[in-house]
Amino acid sequence: MTEPHLLPMPKGDRRLILSAGALLILLALLPLVAPAQAIDKLTQLGIYVLLAVMWNLLAGYAGLVSVGQQAFVGLGGYAMVRLVEAGLGPFPALVLAPFLVALVAWPLAWFVLRLRLGEFAIAMWVIAEVFRGLVMFDPLVQGETGTSVLALNAIDADTRRLAIYLLSLVAASAALAGSFVLLRGRLGAEAQAIRDDEEAAASVGVSTFRVKRLIFVAAAAGCALAGTLWLASAITFQPRTGFGIQWTVFMLFMVLTGGLGTFLGPVVGAVLLMGLQEAFGDFGAWYLFGVGALSVAFALALPGGLVGLWSARRGREPLSMRRRLSAGEG
Amino acid sequence: MSESLLNALVQGVLLGGYYAIVAAGLSLMFGVVRFINLAHGDLLVLGAMLALIAVEALGWPVWLAVATVIPLMAALGWALQRLMFERALAAGPLLPILVTLGLGATLQNGMFGLFGSNTRSLGAHIGDLSWSGWSLPGGLRVGTLPVLTFTLAIAVLGLMHLMLRRTPLGRAIRATAQDPGAAELSGVDARRVHRAAAAIAFALAALGGVLLAMRAQVTPFAGPPQLIFAFEAVVIGGIGSLWGTLIGGIVLGLAQTLGGTISAQVSLLAGHLVLLAVLGWRVLRDEAAARGGWIALMRVKGPSHD
């Protein structure tokens, strides 16, 4: 009779990881052949994946539904504007800004993570509004007008496009790889225990606060990075867009359609959002209406999202973060 | 006290009446059905838009539009609770937040698609109500509409108070809010109570929307700030307290009008900061209590949950 033990990673998962690695190499080489427009779209997709992975970490794995992640998207953009103004090159500023935002998120976590579920959701939204209001006092931002990172225009357009594309690719893959390592480790088990039953998790010795804070700060930095990448391609920073609720609506859509609390869900959702945007983006408000309605429909009819549907068919979730235990044989 | 400051104080208190009406609906849903309806502000705007269509496109008198829209929105509340929120609630505490956030985005963009981005107001249709008022000694000016709104708020809260205390529905609501399981055991149909609460909440949102459209311009995207204001009034006044929403509304209104004497930007920030201060105070107080008082909190480092 053998002791129960953790099962190794299923073969399908190994194959999936290998093909993801191959895809990554292909994507890195793509600018050699692909037209500029396609590269721009893929840059955007990378930012979407990054955002969705962050929101899924919060809501799907730590049970923290934030309606205010735009606080960090906007703050990231603003920090980059300020760093460039202080004389830093745009690309060093792009990378440094998320760390500054993490420094803001760390003390903030002490306060917001002690709020109850719904209070946390809206308090984050209010905090985003406060950040927006404060940033608008900065004479550099000029209220609603916003400001442009003119230093970006000094860089040759093709070089800039390539650099932002590669950065977005690195950011999205790092977010996926990082959360994979994080969730496969002790923290992932702890986070999922908290999400499923906080009191029970605490009673078996999980430090619920420490786990949540780590995820909260990581997600803040990730959203800030999405904000700086976005700013690098859009050049203009406007408080209304940077701190807009639409960021959270998109994150909600991607995570819900892809599969809340599944590892691949955010990627599937990001691809779906990108596809819908390409097909229907010209319809403006009606496109956004559809995005909202689809989120609601998925939440009600298919709460596991597309990955959940796939898992139900196949009998197991691809790249599941749940540990599987063998029943002791004998 | 300077004139403008005194005026700001009076306007702030009166504005609190409006916030109390919007917040009472949100608070009822939160207290009874136990979730925060993130689309509350967008439903408020929907109520305003429906009234505007009835008045502007159909040529109805304002009173008829209001008298139609409020029961219509109540029916919508009943239906959405039955068809949408019940399902979401059954799937855990996260889902109602996600569903109502999506619903809010759907409502905003749907209204934008249907009605465009033009700002609309009922102000032109309510005669001299939109500008008339009383001049009081000391340079004080009080508008009829704000006074009417405030009186309406007292009446609404008073009626809700009586309903909760004196009627069978009120008893069922209080029982369900306290313990849904125990209420079911004593013969209360919790799902029907939830639907009734949603109907009342939606009706109050519609009333708030009509009042907003009378004193200001409304756009399809005006909902989220109204939700935030309502939430702020609920939290400041104390969650689950009916008359607390009036106190919370007045505190929020005061913060906004006093901030407004500096600039419009400061006005909004002041309200948000009061909310964060109240939440922060509560967190600190709970934290201190969990560690045996303020002195202990200052001595011990790190959160108590560790």
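Here the Cβ of each residue, glycine as well, is placed from N, Cα and C on the backbone.
Keep in mind the model is a prediction, meaning the values are calculated, not measured.
Pulled from TrEMBL, these are the features on record:
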type: TRANSMEM; residues: A:48-67; note: transmembrane segment
type: TRANSMEM; residues: A:88-108; note: transmembrane segment
type: TRANSMEM; residues: A:120-141; note: transmembrane segment
type: TRANSMEM; residues: A:162-183; note: transmembrane segment
type: TRANSMEM; residues: A:214-237; note: transmembrane segment
type: TRANSMEM; residues: A:249-274; note: transmembrane segment
type: TRANSMEM; residues: A:286-312; note: transmembrane segment
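Packing against the transmembrane segment (A:162-183) from elsewhere in the chain are residues 20, 24, 27-28, 31, 39-40, 42-47, 49-50, 53-54, 57, 61, 91, 94, 155, 191-192, 218, 222, 225-226, 229, 232-233, 263, 267, 319, 321: each is 6 or more residues past its ends and has a CB under 8 Å from a CB in it. Within the chain carrying the transmembrane segment (A:88-108), a Cβ under 8 angstroms from the stretch's Cβ atoms is held by residues 72, 75-77, 79-80, 127, 149, 151-152, 155, 163, 167, 213, 216-218, 220-225, 227-229, 231-232, all 6 or more beyond its ends. Beyond its flanks by at least six residues, the transmembrane segment (A:214-237) meets 40, 43-44, 46-47, 50-51, 53-55, 57-58, 61-62, 64, 66, 69-70, 72-81, 90-91, 93-95, 97-102, 104-106, 108-109, 112-113, 141, 146-149, 152-153, 160, 164, 167-168, 171, 175, 178, 182, 187, 191, 247 of its own chain at Cβ-Cβ distances under 8 Å. Long-range Cβ contacts of the transmembrane segment (A:286-312) within its own chain (Cβ-Cβ under 8 Å, at least 6 residues beyond either end) map to 246, 249-250, 252-253, 255-260, 262, 264-265, 268-269, 272-273, 276-277, 280, 318, 320. Long-range Cβ contacts of the transmembrane segment (A:48-67) within its own chain (Cβ-Cβ under 8 Å, at least 6 residues beyond either end) map to 73, 113, 117, 120-122, 124-125, 168, 171-172, 175-176, 179, 183, 188, 191-192, 194-195, 198, 211-212, 215-216, 218-219, 222-223, 225-226, 229, 245, 247-248, 250-252, 254-255, 258, 260-262, 265-267, 269-270, 273-274, 321. Long-range contacts of the transmembrane segment (A:249-274) within its own chain (CB-CB distance under 8 A, at least 6 residues past either end) are made by residues 41, 44-45, 48-49, 51-56, 59-61, 69, 176, 179-180, 183, 195, 288, 291-292, 294-295, 298-299, 303-308, 311, 317-321.
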